[in-house]
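Chemist: I grabbed these lines from TrEMBL:
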- 62-285: domain 'Anoctamin dimerisation' (DOMAIN)
- 288-463: domain 'Anoctamin transmembrane' (DOMAIN)
- 299-326: transmembrane segment (TRANSMEM)
- 377-397: transmembrane segment (TRANSMEM)
């Protein structure tokens, strides 16, 4: 294992730093780090992941030992194989990356590096969160986890008698089994025995594991200089130290995995949801939520519900269109245009000055009929219907959303979400929340808020004061353009007189 002393990083920090990473004061940043597994100051040497050869299993989701699951992947380009530049940027990036990986290991994550078989310059760092880390951060993030199975009976639907008709639209339960419902609660390590833990490997689903690991990756520092820390995987990716950072999918979606340890949820989603032959079926929302998480699940729930409601609007729209199409011959003003005694007797002025001739109004007969298709009584009905449809859609979706929030235990999801680490690092003041009676950190005090409000109000009053000069300028401008307006009015009168003469002819 490669080792590098801590003094090397500190010397690198004193060099010219030309990257675009943000600077955060370290004393604020320490409030975000959870020192359960040590810190950089407690380590005398930097630890880097061990390199392992590719095991030949392209759809494997585990380390080479086949036991530890891959929760996240970091990709970087080997600095020793890059083109050397004058400023020594490659060496600086290498030191930052090694410091970051060392801190990940100090936070309890396990790393394993594998070189790409297609491009030997790319290195994939596989990240695994062990059980202790998952439990610790699940408690910090207030993640709801199952306590025991839900034994409450589900109320039957009022449309139960139509199940035989809608059965063809349902997901085949023999292929995608319904998810078991649980009573859930925010996880606590000291009450671990109260939770429904049958298997530690499956207690945290892949979406939750990736969420926890990303929470750690976005808050681990990689550089400290003059009491200022730089941190987060997003900044490392933006500065080019890492090429990418992402969680892994399951096996390939086109066929089932040959590896028995690899789940086939992605394959099931493709077969029963994303495939064109399943376009008429309902979405397997529980499986989508399990695989992608609640946010993606609620999005596709809204999209599916919106599409279903649009079917009704589409039917009414087609009906209104057909009404206009079949009644275009009965349109009153179209009849007048097509009538030789009315439209044929109206002579229209030329559309240009020299080459265009006079023309009769009834030559626009076909165009007027086509216009009646869309400008008919059906269009008025459709406009009124869409106003009612929008209201019904919003109200019914609120009902459906409340059902999903109850079923998925996301009623308090917004309150449980953690703030962004960049925002947390700038919060230097503590206040008591009047509702929860808990401490919250804010970026400025009441005095600072008053200063900001005063500056904004001063800017508003300044521009309002300037608007008092506008009427005077308007009067002066009106006086200047009055002769031009008079000339334009005279030309308009002449044009109107000419049109009347043309119509009389």
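Glycine is treated like the rest: Cβ placed from N, Cα and C.
For each feature listed, report its degree of burial, its nearest neighbours and the pertinent distances within the displayed model.
Modeler: The list of residues near the transmembrane segment (299-326) in space but at least 6 beyond its ends in sequence, with Cβ under 8 angstroms from a Cβ of it, reads 282-283, 285, 288, 372-379, 381-382, 385-386, 389, 392-393, 396-397, 400-401, 404.
Note on the transmembrane segment (377-397): residues 302, 305-306, 309, 312-313, 316-317, 319-321, 323-324 of its chain, located 6 or more positions outside it, place their CB under 8 angstroms from a CB of the stretch.
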Chemist: Mean pLDDT for the domain 'Anoctamin dimerisation' (62-285), as a whole number?
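Modeler: Mean per-residue confidence for the domain 'Anoctamin dimerisation' (62-285): 83 out of 100.
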